[in-house]
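Lifted from TrEMBL, the feature list:
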- 1-15: compositional bias 'Polar residues' (COMPBIAS)
- 57-462: domain 'Major facilitator superfamily (MFS) profile' (DOMAIN)
- 1-49: region 'Disordered' (REGION)
- 65-85: transmembrane segment (TRANSMEM)
- 97-120: transmembrane segment (TRANSMEM)
- 127-145: transmembrane segment (TRANSMEM)
- 151-174: transmembrane segment (TRANSMEM)
- 186-206: transmembrane segment (TRANSMEM)
- 218-239: transmembrane segment (TRANSMEM)
- 260-281: transmembrane segment (TRANSMEM)
- 301-320: transmembrane segment (TRANSMEM)
- 347-366: transmembrane segment (TRANSMEM)
- 372-395: transmembrane segment (TRANSMEM)
- 407-429: transmembrane segment (TRANSMEM)
- 435-461: transmembrane segment (TRANSMEM)
Amino acid sequence: MAGNTLSDQSQSEKQGGSIVPSSDPDPESISGTQHGDGESSPAEPEHEVYPEGGTQAWLAVAGSFLVYFASFGVVNSFGFFQTFYQQEYLKNYSPTAISFIGTLQITLMYLSGAVAGALFDLYGPKWLYLFAAIGGAGSMLATSFTQPNAIWQQFLAQSLLFGLTVAYGVQPALTVAGQYFHRKRALAMGIVASGSSFGGVCLPIMFSKLIPTIGFPWALRVGALIMVICYAIAIAVSSSKRPKRKMRSLRDLLDYKGFLDIRYSCLSAGAVISSLGIYVPFYYIEPFCVALDPNSTIRPYLLPLINAASLFGRIMYVAFPDSTHILQQTNFDSGGHAADRIGRLNFLYPMILLCGLLCVAMWLPATTPGVLAGFACLYGFASGVFISVMPAATGQIIPADKLGARLGAFGTVTSMAFLTGSPIAGALITSETRVGYHSLIIFAGCCLLGGGAIIFVARLLHDRNLKSKW
């Protein structure tokens, strides 16, 4: 899921570090770019470079990876809880009500992201990591003491406490890693972001094995212990070299003036509509498998398959990040990853359209768990591209000095879609049968196809020549 990371990526791009003099600035940021609202993007300083490695740099990457594993990894695991609650723990409640537990987590993390970024500028990462560790582990411990069929307890412990605190760990994590890298920044951030996919693979399998043996409460307590260990290591190995700065005004957090740019508005609309459907398979593929075959042995592995495949989708975005010297001898002018080779929006909208097509052409007619496993792999790959590339694609049309604030505004808008998309889909379930899920699947597919089409329009608004890199 993960999603997941508009504000943190904005911080890393905006303030990616100030360590040593530079001789290799990013080609995309050397010259200012005039945008639709009449503002110019200042270039990155030409005389700053980054260590591009070293013990401290890679320790920071490892610490940020663990933060993502213990935070977005938990968020990406909610599909397991959706099935467990729906079938056993909260079976008196509708799938819609249960899915709100997970979507509220994501929404609160997005809404808290801008504040977390500002506090990181003031205090650095360690105090924020400590706060996130206490809140995240406390959330799991509190959830372990909840009672069956008392959903308000899940909302307090699993949604509110987790979402409002863990954001203060995940938002600074990319900045901590990114401050040491320029040419290798895509690689470093890809490693960090992959922590969420690894968490989404490991944690659902762990919970599915532990709950039958030691019970739901103790399984969550094991999860809380893992969170504490991950954050403790991150606190020990992470540091920030950037000078701390003070927030000048609330516009440093959110700036909605970007919606005056038609490209930004169109891209935001496409992102919102796509986000209504993007997480529906994450939440409902396992309950659908139960409806298809209650005794399927594949079911516990469907969500881990989606998360594992999403890792490869992210790798497509950050593959071969250090090949700049090779690309300078080719027709490509920057970056070594696939999205930079063909253009970020050129890469993004086909993947969103592919997500929608997979829903209606593969998930909808599926009659066996084996087909669901194939769908999980393909959908995970395509959705991983959406999660990784969307913030970078949006950042292309934002002045550099307003990047954090406008990505923060973008995040607050899309967070409303994350909050409501899966619950709306759950309300469309008519019965716990294969046919009963058809309306849910069609809803997800239409949202993704519609959102991808609108993002294609945003691409045309920039340049009608589809062969140009954008």
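Cβ coordinates come from backbone N, Cα and C, glycine included.
Worth saying up front: this structure is predicted, and the values here are computed from it rather than measured.
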Cβ pairs under 8 Å between the transmembrane segment (218-239) and the transmembrane segment (65-85), at least three: yes
If contact means at least 3 Cβ pairs within less than 8 Å, sequence distance 6 or more, would you call the transmembrane segment (260-281) and the transmembrane segment (347-366) in contact? yes
Counting Cβ pairs under 8 Å to the transmembrane segment (407-429), which of 65-85, 97-120, 151-174, 435-461 comes out on top? 97-120
Lying 6 or more residues past either end of the transmembrane segment (151-174) yet within Cβ distance under 8 Å of it, the residues of that chain are 4-5, 7-9, 11-12, 63-64, 67-68, 70-72, 74, 81, 85, 90, 93, 97-98, 100-102, 104-110, 112-113, 116-117, 119-120, 125, 128-129, 131-136, 138-140, 142-143, 145, 189, 192-193, 231, 234
Mind checking which residues reach the transmembrane segment (435-461)? Cβ under 8 Å, same chain, six or more beyond either end. 262-263, 266-267, 269-278, 280-281, 284, 287-288, 291, 345-346, 348-350, 352-353, 355-357, 359-360, 363-364, 421, 424-426, 428-429, 470
To what whole number does the mean pLDDT across the domain 'Major facilitator superfamily (MFS) profile' (57-462) round? 82
